[in-house]
Amino acid sequence: MGQVIGFFQSLPEIINEALNIALICVALLATIKGMVNIWKSGLIQLLFFLTLAGRSCSHSFTIGRFHEFQSVTVNFTQFMSYAPSSCSVNNTHHYFKGPQNTTWGLELTLTNESMINITNSMRVFTNIHHNVTNCVQNISEHEGVLKWLLETMHLSISKPGKHIAPVMCERQKGLLIEYNLTMTKDHHPNYWNQVLYGLAKLLGSSKRLWFGACNKADCQMQSDHQHIKCNYSNCKGYTSFKYLIIQNTTWENHCEYNHLNTIHLLMSPIGQSFITRRLQAFLTWTLSDALGNDLPGGYCLEQWAVVWFGIKCFDNTAMAKCNQNHDSEFCDMLRLFDYNRNAIQSLNDQSQARLNLLTNTINSLVSDNLLMKNKLRELMNVPYCNYTRFWFINDTKNGRHTLPQCWLVSDGSYLNETRFRTQWLSESNSLYTEMLTEEYEKRQGRTPLSLVDLCFWSTLFYISTLFAHLVGFPTHRHLIGEGCPKPHRLTGSGICSCGHYGIPGKPVRWTKMSR
């Protein structure tokens with residue numbers, strides 16, 4: 001009795017403590033729920049948007065829960081340092097810088113005024129791109145670049161059956177070569193078409209003035225429903241300028257060079273001379289892991305080769321796709337990197353046959369079709385790949401990557417991510433599919449086949465018995481109007497063999513077992 005009285009006396013204190021706990025719980029729940037409501041209302045997102053509006057966008061954003069859109073930019077400064085590079089200031093002034101850290105270059109100018117006095121000049125014919133010393137003096141440094149430039153303009157004009165019209169040059173002014181672009185009866189029109197096409201190949205898409213009348217056919221609307229792509233054929237060269245002048249100049253950072261033209265140099269026949277002389281400088285890329293160890297399980301671009309990314313690694317799954325099809329610009333770059341190890345070892349044997357083998361191998365590593373396709377896309381003012389920036393989808397949870405795709409360029413700038421949104425969403429879905437497929441195959445490999453069969457048949461048995469359970473079968477007979485006769489078992493006549501139910505003829509019915 002005393003314990004009961006003591007309990008009732010302490011009840012107010014217990015109630016006060018319980019009430020305090022309840023108040024704390026209610027306050028916490030209300031605060032948390034209020035924060036969730038603010039987040040779902042979009043107020044915080046609006047403040048973030050207003051704060052960041054107008055600022056530069058990051059090229060790394062989330063797609064779904066674990067996938068991120070990222071990019072890597074390759075630094076070609078060291079990769080192409082030994083080869084000539086080109087750039088354009090405007091439609092009339094174009095520059096070609098010499099290899100390495102040279103201070104000289106070649107200036108290509110389109111003008112309507114001649115710089116050479118015809119009476120004091122000598123005429124040089126088809127052998128100008130073989131022996132330029134007949135035209136100018138003291139150009140040992142410029143000779144390689146000049147040969148490449150002329151070879152590209154003439155489109156391998158030295159082949160049998162090809163002829164070029166004469167050009168003008170003047171020794172007294174150093175390196176000075178002048179082309180007369182005026183169409184005359186003396187100048188074969190096919191030759192000028194080839195020269196103008198070579199200029200378009202060198203100078204890029206912004207110089208579409210090189211092409212006049214074209215037969216346009218097979219026009220189709222693109223997937224973005226904003227552009228129409230047409231196949232052009234039988235284009236005739238055309239330009240409003242009368243003269244093309246090539247002369248030497250000092251290099252003062254005239255403009256930003258385009259290394260896509262330099263890659264064309266490496267792929268061209270005249271470029272083999274550069275590769276032969278500078279092979280060791282050309283193959284200076286390395287493969288390593290994040291700690292600098294040689295050749296890891298996957299591919300890593302070292303810090304000097306990547307802009308703003310430090311060391312960037314890609315897993316073996318993404319790289320294995322490069323062995324399936326030769327249709328990726330990123331894979332072409334990796335083939336050059338991977339070739340580095342054996343090439344440097346082979347350079348210990350300096351025989352001419354070995355060098356020829358190496359140069360031919362380099363030429364086969366990069367896809368000619370891809371390179372030409374991107375150059376043609378540039379000429380037609382269609383977004384093209386310049387082999388510099390590549391985008392990919394990164395799974396932040398598992399560290400998996402998609403095969404990097406080239407970030408296309410249009411009008412001198414990279415496309416906005418929204419222009420190829422369908423592509424990176426498709427890549428994200430493909431990465432999910434690959435991961436699920438690999439996980440399924442991995443689980444299949446760890447599971448015995450007999451266990452799978454047992455699981456299948458047991459599941460089938462369970463489903464069958466489930467229907468039987470729902471339907472139910474009658475288990476015994478009842479006398480209509482009377483109680484359960486169990487444990488006696490009645491016959492169809494309503495009697496039991498033990499004699500307890502001995503009067504036959506009573507009506508019976510089947511009854512299910514009680515559950």
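Positions of Cβ are set from backbone N, Cα and C atoms, glycine also.
Under a cutoff of 8 A between CB atoms, and with a sequence separation of 6+ in the same chain, the neighbours of H478 (Zn(2+) 2 binding site) are C484, P485, L490, V508, R509, W510, T511. Under the DSSP three-state reduction, H478 (Zn(2+) 2 binding site) is assigned to strand. The feature Zn(2+) 2 binding site is assigned by Swiss-Prot to H476, H478, C484.
According to Swiss-Prot, the feature disulfide bond maps to C87-C255 (among others). A sphere of 10 angstroms centred on the C-beta of C87 (disulfide bond) encloses 20 other C-beta atoms.
Sequence annotations record features per position, and here Swiss-Prot assigns disulfide bond to C300-C313 (among others) based on sequence analysis.
According to DSSP, C331 (disulfide bond) is assigned to a helical segment. C331 (disulfide bond): 22 other CB atoms within 10 A of its CB, across all protein chains. Residues annotated as disulfide bond in Swiss-Prot, with sequence analysis given as evidence: C322-C331 (among others).
Note on C406 (disulfide bond): other Cβ atoms within 10 Å of its Cβ, all shown chains, come to 21. According to DSSP, C406 (disulfide bond) is assigned to a strand segment. For C385-C406 (among others), the entry in Swiss-Prot reads disulfide bond.
According to DSSP, N90 (N-linked glycosylation site) sits in a coil region rather than a helix or strand. As annotated by Swiss-Prot, N-linked glycosylation site applies to N90 (among others), with the evidence given as sequence analysis.
Classification of N112 (N-linked glycosylation site) by DSSP places it in coil, neither helical nor stranded. On its own chain, N112 (N-linked glycosylation site) has F241, K242, Y243 as residues at least 6 apart in sequence with a Cβ closer than 8 Å to its own Cβ. Annotation comment: Swiss-Prot describes N112 (among others) as N-linked glycosylation site, evidence class sequence analysis.
The N-linked glycosylation site feature in Swiss-Prot is assigned to N127 (among others); the stated evidence is sequence analysis.
Swiss-Prot lists N180 (among others) with the feature N-linked glycosylation site.
Under the heading N-linked glycosylation site, Swiss-Prot lists N248 (among others).
The N-linked glycosylation site feature in Swiss-Prot is assigned to N386 (among others); the stated evidence is sequence analysis.
Among the features that Swiss-Prot reports, N-linked glycosylation site is placed at N394 (among others), with the record citing sequence analysis. In this view, N394 (N-linked glycosylation site) is surrounded by 21 other Cβ atoms within 10 Å of its Cβ, with every protein chain counted.
The Cβ of N416 (N-linked glycosylation site) lies under 8 Å from the Cβ of no residue that is in the same chain and 6 or more residues away along the sequence. N416 (N-linked glycosylation site) falls within neither a helix nor a strand when secondary structure is assigned with DSSP, and so counts as coil. The N-linked glycosylation site annotation in Swiss-Prot covers N416 (among others).
Annotation source Swiss-Prot lists topological domain 'Extracellular' at 2-17 (among others), citing sequence analysis.
What Swiss-Prot records for 34-58 (among others) is topological domain 'Cytoplasmic'.
Sequence annotations record features per position, and here Swiss-Prot assigns topological domain 'Extracellular' to 59-453 (among others). Note on the topological domain 'Extracellular' (59-453): its mean pLDDT in the predicted model is 64.
Every protein chain considered, the tally of other Cβ atoms within 10 Å of the Cβ of C255 (disulfide bond) stands at 14.
A gap of 27 Å separates the Cα atoms of N90 (N-linked glycosylation site) and C406 (disulfide bond). Least packed by the Cβ count within 10 Å, out of the glycosylation sites N90, N180, N248, N386, is N90. Nearest neighbour of C255 (disulfide bond) by Cα distance, taken over the recorded positions C331, C385, N386, N394, H476: N386. In this structure, of the recorded positions C385, C484, the smallest number of CB atoms within 10 A of the CB marks C484. The record gives H476, H478, C484 for Zn(2+) 2. Within 8 Å of the mean position of their Cβ atoms, the other Cβ atoms in that chain belong to R477, L479, P485, K486, L490, T511. Proximity note: of the listed glycosylation sites (N180, N386, N394), N386 have a CA within 10 Å of the CA of C406 (disulfide bond), given in sequence order. For N248 (N-linked glycosylation site), the nearest of the recorded positions by C-alpha distance turns out to be C87; the candidates were C87, N180, C331, C385.
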